[in-house]
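*Asks:* Features from TrEMBL:
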type	residues	note
TRANSMEM	36-56	transmembrane segment
TRANSMEM	63-81	transmembrane segment
TRANSMEM	123-143	transmembrane segment
TRANSMEM	150-168	transmembrane segment
TRANSMEM	174-195	transmembrane segment
């Protein structure tokens, strides 16, 4: 579904404040959906990391706690960051104000605001690096936990590739999507693993 939505109107421009605002105004719904597809998964990741920290606390309490703290905090803080990695919901408001203004001088502040968001979107955020570091740490703990080694190693690979992807994001372009795909696959697999783990533990308790 995400691929269909992303292909529906092509990728938003990555430079030029006026061009981005005009794109957002012309593809408002698709742009909003794109931003939600980047932000909503963070809610699921918060729940997953909390559940993993609890499930792994008996294996390595300190490391699991540190990994869980880093991961949960970084994904929670990401909601305060003004950009998503694919744009910003704030761009929609700027696009509305830009469209309402008729004179070039009146549009200038909104174009400047869009340029700031574009710049923030291209900066390798410390938050992103911490998010991937949290995945890497929690997955290393999972190697000695009650979960299949496959999902643990996928998490290690996702975390390691994610750190590199976040640091090099401005120059990776579309290749950054590799990390995104791995993250979604890992999230689904971990969700299934947690469900099976809880089902196995519940009868015993």
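Cβ from N, Cα, C; glycine included.
Automated prediction, rather than curation, is the source of TrEMBL annotations.
How buried are the listed features, and what sits near them?
*Replies:* Residues 2, 5, 64-65, 67-68, 71-72, 75-76, 78-79, 84-86, 89, 134, 138, 141-142, 145-147, 183-184, 187, 190-191, 194, 197 of the same chain sit 6 or more residues outside the transmembrane segment (36-56) yet have a Cβ under 8 Å from a Cβ within it.
Long-range Cβ contacts of the transmembrane segment (63-81) within its own chain (Cβ-Cβ under 8 Å, at least 6 residues beyond either end) map to 39, 42, 45-46, 49-50, 52-53, 56-57, 120, 125, 127-128, 130-131, 133-135, 137-138, 140-141.
Sequence-distant contacts of the transmembrane segment (174-195), counting only residues of its own chain at least 6 positions beyond either end whose CB sits under 8 Å from a CB of the stretch, comprise 41, 44-45, 48, 51-52, 55, 85, 132, 135, 147-148, 150-151, 154-155, 157-158, 161-162, 165-166.
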*Asks:* Should anything in the same chain at least six residues away from the transmembrane segment (150-168) have a Cβ under 8 Å from its Cβ atoms, list it; otherwise answer none.
*Replies:* 124-125, 128-129, 131-140, 142-143, 175-176, 178-179, 182-183, 185-186, 189-190, 193
